[in-house]
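Asks: Take a look at this one; I'll ask things after.
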Amino acid sequence: MEDEAVLDRGASFLKHVCDEEEVEGHHTIYIGVHVPKSYRRRRRHKRKAGHKEKKEKERISENYSDKSDVENADESSSSILKPLISPAAERIRFILGEEDDSPAPPQLFTELDELLAVDGQEMEWKETARWIKFEEKVEQGGERWSKPHVATLSLHSLFELRTCMEKGSIMLDREASSLPQLVEMIADHQIETGLLKPDLKDKVTYTLLRKHRHQTKKSNLRSLADIGKTVSSASRMFSNPDNGSPAMTHRNLTSSSLNDISDKPEKDQLKNKFMKKLPRDAEASNVLVGEVDFLDTPFIAFVRLQQAVMLGALTEVPVPTRFLFILLGPKGKAKSYHEIGRAIATLMSDEVFHDIAYKAKDRHDLIAGIDEFLDEVIVLPPGEWDPTIRIEPPKSLPSSDKRKNMYSGGENVQMNGDTPHDGGHGGGGHGDCEELQRTGRFCGGLIKDIKRKAPFFASDFYDALNIQALSAILFIYLATVTNAITFGGLLGDATDNMQGVLESFLGTAVSGAIFCLFAGQPLTILSSTGPVLVFERLLFNFSKDHNFDYLEFRLWIGLWSAFMCLVLVATDASFLVQYFTRFTEEGFSSLISFIFIYDAFKKMIKLADYYPINSDFKVGYNTHFSCACLPPDPVNLSVSNDTTLAPEDLPTISSTDMYHNVTFDWAYLSKKECVKYGGKLVGNNCDFVPDITLMSFILFLGTYTSSMAMKKFKTSRYFPTTARKLISDFAIILSILIFCVIDALVGVDTPKLIVPSEFKPTSPNRGWFVPPFGGNPWWVCLAAAIPALLVTILIFMDQQITAVIVNRKEHKLKKGAGYHLDLFWVAILMVVCSFMALPWYVAATVISIAHIDSLKMETETSAPGEQPKFLGVREQRVTGTLVFILTGLSVFMAPILKFIPMPVLYGVFLYMGVASLNGVQFMDRLKLLLMPLKHQPDFIYLRHVPLRRVHLFTFLQVLCLALLWILKSTVAAIIFPVMILALVAVRKGMDYLFSQHDLSFLDDVIPEKDKKKKEDEKKKKKKKGSLDSDNDDSDCPYSEKVPSIKIPMDIMEQQPFLSDNKPLDRERSSTFLERHTSC
């Protein structure tokens, strides 16, 4: 430890914070020595320089004696309201602030074993509790583990643990290959330091090497070899004078103790299913506590091995042991020993102390870690909380990065968008994105996108080798097919079949497959959108009224629009995306989600109108309800003597032949056939079709409900984790299959999916290629630039807003975005679709969000009680590419797809609309309008923004959304893309209505021109700021620094924090332990 820095305790009260250069070489700099660069800054209050220098000299000359503590305490008491840097915090700063190349410390499994008597005779180590993140206890008499719960500790046990660490043996980075060798080493160290009498070594060794019984083992059925064998307890064995010489006694002890010890894990350990909860590199921390009758003072040892070693059956699971804490004490204090064991086990499961335990260099580092824990611990009044109540683990754990970062001296860790800039509510502004930085060069952004995505091109294919990708393909395929059929049908009605269902299938397949293969963000799904449909209808009517060739006019609009998009790509216009804040994103995505929900119910209501319910039907008068087909009045074909035809023969005969050459029985005609051939439907039941509407709504709501339920099944308590995850991943596919089977079993003739079975244009008046000239006057080619401007705005807004939503920080995408590359391919595909007279395609918000949700990854191993952590999204190109290839092949799968009821697919539409609204802050704020104040959730923005301001912001967002909805439903829908662009202007105007503080929580702060310069200044200020002041402004980026009161544990000590390690007065130590603590 000669190279370790010596820390001047007095320096910590001078409000000095070391910069990175000083911290980097702290092993060779003596902090107490005057360094001009370090001490140029002075305290804010006025003091005489001579007095300050005098105090520094006194501290150095007295070798950091106790007097310095008293002086510092007096000084701190005079300025207690000013932020202080405790010596423990300063020490932890050096421990956690070290930059080494070693990997992060592994996950720890902590096990608490207590020395208990079995059958009143044998003493064994019995496992009573275990920790990974939360505590699990062995239920008394239940032979089962308790549910994971938050460990509640008594404050007294933490102080006793601190005393144990001060007085016991601390052995760091020791080497041992077996448990007997390790126990021997600990006993010898205790004897060398005078903490253990030599004649007690054998007894301690015998006790520590007793058999370990874990909860996974069943009741012990003794074998024949064990019958008659009795092993006395340590006290009786050593108290018997007939045991022979000490040497013989030692041999007997060793042989009997080592019977159950093996360096290899047992079969029960290898079969333990609890290993699934641990990562592969996990290590163990064993805590052994118990009471014995041969010790007068506690036997305390904390050991950290240089390398983790497998110590046989010491641990419940077959993981190597790194830490060992031993506490053996006199009889009568078993409860105190148990609580101390729980305290050290809980500390080892704490992320900050866990890192300190791995990096500690001496006893004082460990004590500083305990002091840091005590600084953060929360105390509950004894009369207001029952400690026997087990606290359920929270759904989301607070990140320890804030605590670690406070000591590491680094910048604020950006996790999931929770930075000071965005107020900790995720979805931060886009000004920091590298993808949105304007290069100022021709096609600079496009070139950077290509360079950024090219290294990941190969991994975009093999990263899809997971069963989760299969479920995503099937789910998105059915959603895409349904959308293509729906849009194709509407487009056919709007354009007189110049573009129909087949064109929709072909365009979706070609555009989507090419985009997913080469675009910057392959997770984005291309589809036709409502605004595009409105534009196509208006364009067709305009061409029809002015005798223009619709497809040629549309071709030139597409070419002009593609050219404008390419100009936007070349000029890096995508940097404007940084002005699309949460307000714009949520307004647009919520509108699209509401459209999906509205269309799903609209289609079901239309279906109910087509197949109405007979509300006047009465069971007692069922003879009054009938329907018959009568022949037309001029000719009565039903009474002819000619041949009568069966209904199945009718479709092959023309109506003319039927009327003049043949006769048939009208009573056998179907409803459609009767109307087709001029018959009359007579009866009061002719307008009603029984059960179809009711069955359709059952399929519709059943598909939606089961999809939602099975998607949430991952967090349920039933079935193993693997089964729950599999059901959740295939939730939508399973729902579709289940209700298709139900529909087939019931046998009601519900409307089914209709897919074109022939590959040819829908209209015979068009081909697969549109000539650019010949159909319209020459000037139409130039005039097409005007409507093309509207299309360009629509394409740009739709594409980039969806791209922003897909690339949100909370999705944790690792391969980067490609805004310019995406828009480039949309423009190229627009040219292709214009020449082939196929629909135009752009990013679809709801389906893209559904695609991302179906590919989300979570941790495979999570501690009991801990929610699986979201790792990111499986970024690849395979799912999207295969979805669109299957869409193109759907023409050949018509015989299979025709069995899928349309209400089932409408239920999938409803699910996608509702699912895409989950987690949207706008929806959370809408719910607040209906909640009483006391029942409102603890959202971060409710802590810092007055509720009336929150409601005002929500009202303005609802107003904009309502205007957009009204606009899209009227003839003025042609300017819909312009109004979406107007959302950005509305958000800019909110800067005059709301403060930047409020907007930083409710929305994103719009980036400023000199933002980078301001951020650099902010970083410099952070380096100069006080380390120990509370960082509550991380939740409140615009709040003022508020002084905090910190009373560090070290001020209360009698011993200097970093003085030379002097031998402890053993008698005084023993007296102190007996009088004040269980240790």
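Yeah, the Cβs are placed from backbone N, Cα and C, and that goes for glycine too.
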Asks: Pick from Ser400, Ser1026: which does Swiss-Prot describe as phosphoserine?
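Replies: Record annotation (Swiss-Prot, phosphoserine): Ser1026.
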Asks: Among Ser77, Ser257, Ser408, Ser1039, can you tell me which residue Swiss-Prot lists with the annotation phosphoserine?
Replies: Ser257
Asks: Tell me which residue from Ser38, Ser78, Ser256 Swiss-Prot records as phosphoserine.
Replies: Ser256
Asks: Residues sitting near the transmembrane segment (838-855): Cβ under 8 Å, six or more positions beyond its termini, same chain?
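Replies: For the transmembrane segment (838-855), the nonlocal Cβ contacts are 468-469, 471-472, 475-476, 479-480, 483, 487-488, 491, 499, 503-504, 506-508, 510-512, 515, 523-529, 532, 536, 558, 588-589, 592-593, 596, 729, 791, 794-795, 798-799, 801-803, 805-806, 811, 822, 826, 829-830, 832, 873-875, 879-880, 912-913, 915-916.
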Asks: Count the CB pairs under 8 A between the transmembrane segment (726-745) and each of 467-491, 522-542, 780-807, 902-918, then give me the winner.
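Replies: By Cβ pairs under 8 Å, 467-491 leads among 467-491, 522-542, 780-807, 902-918.
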Asks: Per DSSP, how many helix, strand and coil residues does the region 'Interaction with CA4' (748-779) have?
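Replies: Output for the region 'Interaction with CA4' (748-779) reads 2 helix, 1 strand, 29 coil.
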Asks: For the transmembrane segment (502-520), I need the partner stretch with the highest count of C-beta pairs below 8 angstroms, choosing only from 467-491, 551-571, 693-710, 878-894, 902-918.
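Replies: Comparing 467-491, 551-571, 693-710, 878-894, 902-918: 878-894 has the most Cβ pairs near the transmembrane segment (502-520).
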Asks: Taking every residue in the topological domain 'Cytoplasmic' (1-466), what is their average pLDDT?
Replies: 70
Asks: When each of 467-491, 551-571, 586-609, 693-710, 878-894 is checked against the transmembrane segment (780-807) for Cβ pairs under 8 Å, which one has the most?
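Replies: Against the transmembrane segment (780-807), the leading stretch is 551-571.
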Asks: Taking the transmembrane segment (522-542) as the reference, which of 467-491, 551-571, 820-836 gives the largest number of Cβ pairs under 8 angstroms?
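Replies: The listed stretch sharing the most Cβ pairs with the transmembrane segment (522-542) is 467-491.
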Asks: For the transmembrane segment (693-710) and the transmembrane segment (467-491), does the number of C-beta pairs under 8 Å, pairs 6 or more apart in sequence, reach 3 or more?
Replies: no
Asks: Between 467-491, 586-609, 820-836, who has the most Cβ pairs under 8 Å to the transmembrane segment (551-571)?
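Replies: Selected stretch: 820-836, with the most Cβ pairs under 8 Å.
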